[in-house]
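Sharing the record's features from TrEMBL:
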TRANSMEM  110-132  transmembrane segment
TRANSMEM  181-206  transmembrane segment
TRANSMEM  276-297  transmembrane segment
TRANSMEM  317-340  transmembrane segment
TRANSMEM  352-375  transmembrane segment
DOMAIN    385-491  domain 'TMC'
TRANSMEM  395-416  transmembrane segment
TRANSMEM  460-477  transmembrane segment
TRANSMEM  497-518  transmembrane segment
TRANSMEM  567-584  transmembrane segment
């Protein structure tokens with residue numbers, strides 16, 4: 001009798017849920033105090049019931065199809081979520097090492113998704129059409145091209161010089177594809193979309209981590225008493241959730257129990273002098289490294305233009321510049337980390353942020369020197385296709401930097417663990433260096449953005465590199481590193497990473513791309529813009545053609561009155577600044593209101 005009664009109750013529940021709308025039904029199932037498996041079973045029964053009813057209604061036959069698609073979509077999304085390589089990894093890292101280390105892997109995953117998007121756009125609109133007009137490659141493949149990017153790859157879709165300047169048409173008198181416009185518009189629209197993605201990502205993380213992150217007085221009690229998810233029944237998931245909750249409470253308690261150290265006047269003067277000396281040394285190191293890269297690059301170009309007695313010497317000479325640059329970018333950050341330990345910051349956050357700023361100055365200085373070398377020396381050299389030379393340089397820099405990143409995990413973490421656990425036990429296993437690893441990612445992404453114009457498939461190479469780095473860093477972290485000795489919360493760190501990627505990196509790349517497109521003269525014998533005074537001249541020629549067609553007058557009007565008008569962009573910038581100011585005032589008013597309400601709660 002109890003079984004029949006329970007069966008009837010379940011039938012009634014399924015019937016009532018089937019009569020609801022889709023949104024109401026989802027909310028009702030979510031609020032049920034049942035496990036995830038039971039909720040899925042109830043959802044499937046409801047969908048079957050809806051399908052059964054829809055079969056008896058001729059007018060509502062489409063609902064059954066919609067329900068079937070909904071079931072298929074739900075199943076597909078669950079499978080896709082389980083197939084994601086970082087789905088479980090990020091939870092384990094957050095539980096074992098805290099949010100500070102987790103922020104690095106979240107940032108790496110974000111960059112990986114960005115490069116997948118970039119690769120799909122370039123491959124779809126630039127590379128695939130070029131395959132239709134490609135000529136056979138008569139060069140032989142030796143294997144060294146994988147390291148140097150020269151030789152066989154020079155006559156492939158990997159580089160700018162291989163792309164045609166003709167209009168591609170597969171059928172005579174049929175639709176055609178203008179490679180010049182496709183190339184410049186694809187790159188331009190990609191950078192516009194990337195700009196918006198970075199802007200909205202910064203706004204989203206800022207809103208989540210700065211605006212909505214309020215200090216509740218009972219936050220630790222609520223986490224201890226109210227945040228356990230009773231839907232979790234798997235033993236491993238329970239232990240992982242316990243570790244995650246424990247780490248969060250430790251981080252919150254660290255912020256509550258901050259020690260305010262009172263230093264004497266002598267100690268303060270000594271600390272200030274130490275910080276100033278460290279900054280002078282770090283800036284001098286960055287200047288010296290940039291100067292060395294400049295003279296090495298000029299010497300390398302002179303040797304390259306003179307030629308070599310055999311191909312092996314030529315291939316080896318190509319790797320000198322990227323190897324030296326990668327050595328500087330790998331060794332100097334270790335020196336900066338050592339300087340940070342000598343300064344003895346009060347919190348790990350101060351140490352990480354100072355190290356990040358110093359590494360940013362170093363890497364952006366080196367990238368700036370390389371951009372000056374490419375745009376002012378290589379572009380004016382006697383090379384037949386200087387764009388391909390720049391693309392090869394960037395390819396080698398990206399590849400060698402990836403190799404050094406893997407070597408850094410071996411020597412900086414694996415060997416350091418061996419030394420700390422066997423030779424010098426007092427050192428112990430190393431901690432994960434967030435500042436150095438994050439700047440490696442920003443540097444690699446900066447090179448990829450610069451290289452998109454000269455090597456359209458470079459985001460695909462960087463995509464594979466980031467995927468390998470994700471798993472290598474994960475394994476190295478789990479096996480070689482220990483959790484931070486001082487647990488601390490880093491809710492704002494991901495926002496800072498994206499801001500660094502946007503401000504020095506992306507804006508600097510935009511200036512480099514702008515100079516290349518508007519100011520520099522393309523090569524006469526290669527690439528889609530051969531014979532033009534500048535790459536942007538292809539757009540001017542297209543607009544002149546459109547002026548003869550009445551149907552396209554609106555495109556010409558938009559170009560002359562909006563895109564080419566400084567006044568339009570001035571008005572847009574003014575409106576954006578006004579909106580930012582208004583939102584800033586709203587945020588300040590909400591903070592004041594929150595403070596008043598908190599005082600009322602205390603009273």
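Yeah, the Cβs are placed from backbone N, Cα and C, and that goes for glycine too.
Remember, TrEMBL labels are computer predictions, not curated facts.
The structure displayed is predicted, hence computed values, not measured ones.
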Do the transmembrane segment (110-132) and the transmembrane segment (460-477) come together with 3 or more C-beta pairs under 8 Å, pairs six or more apart in sequence?
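Stretch pair touches.
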Counting a contact as 3 or more Cβ pairs under 8 Å, with residues at least 6 apart in sequence, do the transmembrane segment (497-518) and the transmembrane segment (276-297) touch?
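Contact between the transmembrane segment (276-297) and the transmembrane segment (497-518): absent, because fewer than 3 Cβ pairs are under 8 Å.
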Summarise the model confidence on the domain 'TMC' (385-491) as a single mean pLDDT, whole number.
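Per the prediction, mean pLDDT sits at 86 for the domain 'TMC' (385-491).
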Can you name the far-off residues of the same chain, 6+ from the ends of the transmembrane segment (276-297), with a Cβ under 8 Å from a Cβ of it?
320-321, 324-325, 328, 332, 335-336, 339-340, 342-343, 358, 361-362, 365-366, 368-370, 372-373, 377
